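Q: For reference, Swiss-Prot lists these features for the protein:
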type: COILED; residues: 522-789; note: coiled coil
type: COILED; residues: 818-878; note: coiled coil
type: COILED; residues: 925-951; note: coiled coil
type: COMPBIAS; residues: 53-66; note: compositional bias 'Polar residues'
type: COMPBIAS; residues: 421-433; note: compositional bias 'Polar residues'
type: COMPBIAS; residues: 957-971; note: compositional bias 'Low complexity'
type: COMPBIAS; residues: 1090-1100; note: compositional bias 'Polar residues'
type: COMPBIAS; residues: 1123-1139; note: compositional bias 'Basic and acidic residues'
type: COMPBIAS; residues: 1207-1219; note: compositional bias 'Acidic residues'
type: DOMAIN; residues: 197-290; note: domain 'PPIase FKBP-type'
type: MOD_RES; residues: Lys92; note: N6-acetyllysine
type: MOD_RES; residues: Ser307; note: phosphoserine
type: MOD_RES; residues: Ser326; note: phosphoserine
type: MOD_RES; residues: Ser344; note: phosphoserine
type: MOD_RES; residues: Ser941; note: phosphoserine
type: MOD_RES; residues: Ser956; note: phosphoserine
type: MOD_RES; residues: Ser979; note: phosphoserine
type: MOD_RES; residues: Ser1065; note: phosphoserine
type: MOD_RES; residues: Ser1097; note: phosphoserine
type: MOD_RES; residues: Thr1099; note: phosphothreonine
type: MOD_RES; residues: Ser1158; note: phosphoserine
type: MOD_RES; residues: Ser1195; note: phosphoserine
type: REGION; residues: 72-169; note: region 'Important for function in growth cone organization'
Amino acid sequence: MFGAGDEDDTDFLSPSGGARLASLFGLDQAAAGHGNEFFQYTAPKQPKKGQGTAATGNQATPKTAPATMSTPTILVATAVHAYRYTNGQYVKQGKFGAAVLGNHTAREYRILLYISQQQPVTVARIHVNFELMVRPNNYSTFYDDQRQNWSIMFESEKAAVEFNKQVCIAKCNSTSSLDAVLSQDLIVADGPAVEVGDSLEVAYTGWLFQNHVLGQVFDSTANKDKLLRLKLGSGKVIKGWEDGMLGMKKGGKRLLIVPPACAVGSEGVIGWTQATDSILVFEVEVRRVKFARDSGSDGHSVSSRDSAAPSPIPGADNLSADPVVSPPTSIPFKSGEPALRTKSNSLSEQLAINTSPDAVKAKLISRMAKMGQPMLPILPPQLDSNDSEIEDVNTLQGGGQPVVTPSVQPSLHPAHPALPQMTSQAPQPSVTGLQAPSAALMQVSSLDSHSAVSGNAQSFQPYAGMQAYAYPQASAVTSQLQPVRPLYPAPLSQPPHFQGSGDMASFLMTEARQHNTEIRMAVSKVADKMDHLMTKVEELQKHSAGNSMLIPSMSVTMETSMIMSNIQRIIQENERLKQEILEKSNRIEEQNDKISELIERNQRYVEQSNLMMEKRNNSLQTATENTQARVLHAEQEKAKVTEELAAATAQVSHLQLKMTAHQKKETELQMQLTESLKETDLLRGQLTKVQAKLSELQETSEQAQSKFKSEKQNRKQLELKVTSLEEELTDLRVEKESLEKNLSERKKKSAQERSQAEEEIDEIRKSYQEELDKLRQLLKKTRVSTDQAAAEQLSLVQAELQTQWEAKCEHLLASAKDEHLQQYQEVCAQRDAYQQKLVQLQEKCLALQAQITALTKQNEQHIKELEKNKSQMSGVEAAASDPSEKVKKIMNQVFQSLRREFELEESYNGRTILGTIMNTIKMVTLQLLNQQEQEKEESSSEEEEEKAEERPRRPSQEQSASASSGQPQAPLNRERPESPMVPSEQVVEEAVPLPPQALTTSQDGHRRKGDSEAEALSEIKDGSLPPELSCIPSHRVLGPPTSIPPEPLGPVSMDSECEESLAASPMAAKPDNPSGKVCVREVAPDGPLQESSTRLSLTSDPEEGDPLALGPESPGEPQPPQLKKDDVTSSTGPHKELSSTEAGSTVAGAALRPSHHSQRSSLSGDEEDELFKGATLKALRPKAQPEEEDEDEVSMKGRPPPTPLFGDDDDDDDIDWLG
């Protein structure tokens, strides 16, 4: 009987029309004035009429009730296109409704965006500091209570102006006292903003602000022909206009709300002179502007309202009252407001159901408005049934209604279809017998005390048959009174609200009394109806007694007796129900007393909790501001630290590369030092042998004269052999050129490979740059959120990327090292092959040299010169022994100075180590230079005296002697930055009297070997050299290295050197020397030392096996490795000492020259010319050494360290490289 209407529960409170905003606030009662169709009477012929339709009229009566303090009203509502600002751009959310809601008594105003009445989108509380930023093209932006930026576009300019105007009025209403001018842009325009001193023509309209809205219009330019002209800052208008119109632009419109304090100017008010204490509202539009500032200045005075500054953080009272899923009619909870709840809800249900206070207030207001009004409408007069049937139906409905209604649960619908405003009407008396107790019973849930009443409803079942016979609508009506379940669950994230007020207990008591009176009235009506029914039954019995027969009369009497028994039973049950109702009413009063106590206690708790929440919200706000500031600071520091880390890693890689290069330099210098020591030992042995052979040469000189004539004939034969050897030499030169071409091709290949490697490195850098850009974007995203999990994830990602970066860098470094190692091994293999060829050429040259020396040893002039210079040999021996001791002394001095700079247990940076080593080497080098300059000055003075003595005796060899004596000091004097080129005349005149074949072959072999090694090593280092450098190859012979051959300074200087040497070649070549040009291009690495050793070897006896022939140029001796170009700076010290050895050997060679003159005097002129002609022509190669030494000394200043594989080596620019 009571469970047949479950299908219609969801439609009980559904609206009849669309989702209109007016249904939220009780403005659509005019459309619902026809009553609730569920409670209309229908004839038995139409039992189901109107059951499926929606009901919207159960709250139609109080539509004229005035508004109360707890009901929000709609100030303006319109349709907008909403955009939400996410990830740096506005994303369209669709077409929403936008409304400004306000409660004037509580001074609370809000902007609401909603999709429908059940789906609110966002809420923004309007306060004095709230900013609604107006944009062109009907756009406006604001921040909601969750600090989310929204942009809304109105469909028309009129709607935008009205909405903005209501927002400004709401800002004014939200404060109790207005102290400053409030302004709100209604329409924004482009162009410069007005400032103080500008002249304006404005159109305005002024209202008085009355009862929270715009009141009477007291002045306007709409009815005037001319606009108002004014000048800002002149004082002729009120202060509110002076302040409020700053920053406006031509064509812009603004709403100004001026308090009384700002409504008077220095010279009165503009269009009205009466004094007023009201707030004035102006709508001002700028029509024309004349700027006072110059036309060239471009200053823009923009007020704060035009900026995009975010609105302030919402107050503490908004944090818990406005969840995301709150209903659109929600108003934030505020301490001091009466939080009304339904009387019949139990405490557990009140705590479990998290409804917003606005919904509870709206329901309570609707219940109070319907107090004492009929639930059922007045029946129309055209019903077919008689009065008794109507009365019986009304009796059943009136008696059954209180039984059914307690089981109806309250609806948790977020937007009630009609929210009537509270009325002050008293309960009205019932008009007819169809009045129900109260409509408020339809919206409350049952208390435990009502369960008995609902259980006793089964006592009315005997009337079911009668209802089905005459009034089938009764069951349909009761079926509609089932509990209405909520149409959507309560919001899960919303905290429970605690409400309470002082007048709640009195209100509940009055409502309980009204319920009791209504129940008593209903019971009395039931008793009256029963008495009326009894009288009718008695009349029927009397009427049918005389007219019916026995059998019908017995059936009638049986029927009436059954009816009478039922009536008696009903009367007894009615008495029992009356007693139960009295007991329950007493129990309800007790429960009401308890509820009032609990409400008072709850009120105290609510006040305390509100205070605590306010304190917590304030502390949370300060904490969040502090944390945001800290996060920003931490992010800035993080960016700085990442930049420093990148710079540090780059510097570490550079220093590691430098450290490896210096380690290689150190090992090579140590090898060179050991080899130089071995070479000094060999020179000592050779010097002792030369002394022993001097005595033998005295004996053999007598035999040399007799053999001279025979050897003269042999000389012609040897000249023929020399020509053949020269042909072989040309062939070897062709081979040399082919090998040089191969080397150049290999250099080009290495250059291409290096360029490819650099391109790969550039691509890797670009990829790393893209990864860094992505990381920066991630950093920007993480700055918005303060979630710690996101920060940890970011740190993990950064750590992984850093490890990947380091792994990739190590992998690339290893691959680059492998490539350079392979190239170095290939060049070493080529060098070994060239060395083998060089050994073969040296053997041929040595054989020829032995034959030539056998001829020249027979000259008596050498014997006489050696006898004269015996006293000078002791100085030569001492000079030869000096280099080893000096080398030891210098290295010991370097070691001791470096040892003082470092401690064994300390760790040092690579930059500091490099700088210390460079300073130490520089200091030792400068000390040696000072000593060497003194020695050079002494030796040069002695040699000049010797040259002065030899010039009258040797006119043909005057230039040769001067060049040989002066040339050894050239490398010493030119050891510092200036190193000019050696003149080609000296190269030609510095000739040793040897046959051209030996010198050509030996020097060509040395040149090839030096070429192969120097170019191979330079190819490893630089990858490619300019083609001009092929004309000046690097040479090396067995002997103490005078300098470490570096790479020339550049292609320009080498071109000039080649051009000078080639230009001097015609002067160097004699008429009978066909290979003069080639000799100019050949450069000897160790000119002075080779010259002296060659001159000493001239006196060896051919019968003794020529022990000196293999001394300086023995192919079996290991030759010192040629260092790289960047190792020049580390070899300054040993080079200086070995230069002293050259000076000593040169002195010995100069001492031998007088013997040549004596020998020449004993011979005839023709024979002498024939003997020394060819040797003089070919003597160019040994003296080309100063030119190369000059180049070496220029490069002694040091070339910068090699460019690292990764990154720019800008950090090393500040190191003064030995300069």
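One-based numbering along the chain as shown.
Glycine is no exception: its Cβ is also placed from the backbone N, Cα and C atoms.
In the displayed structure, how are the listed features positioned relative to their neighbours?
A: Averaged across the coiled coil (818-878), pLDDT for the predicted model comes to 82.
When DSSP labels each residue, the domain 'PPIase FKBP-type' (197-290) comes out as 9 helix, 44 strand, 41 coil, counted as helix, strand and coil in that order.
The DSSP secondary structure for Lys92 (N6-acetyllysine) is strand. Residues within less than 8 Å, Cβ to Cβ, of Lys92 (N6-acetyllysine) and separated from it by at least 6 positions along the same chain comprise His81, Ala82, Tyr83.
For Ser941 (phosphoserine), no same-chain residue lying six or more positions away in sequence has a CB closer than 8 A to its CB.
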Q: Per DSSP, to which secondary structure element type does Ser941 (phosphoserine) belong, with helix, strand and coil as the options?
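A: It is helical.
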Q: Count the residues of the region 'Important for function in growth cone organization' (72-169) that DSSP assigns to helix (H, G, I), to strand (E, B) and to coil, and report the three numbers in that order.
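A: Within the region 'Important for function in growth cone organization' (72-169) the tally stands at 13 helix, 60 strand, 25 coil.
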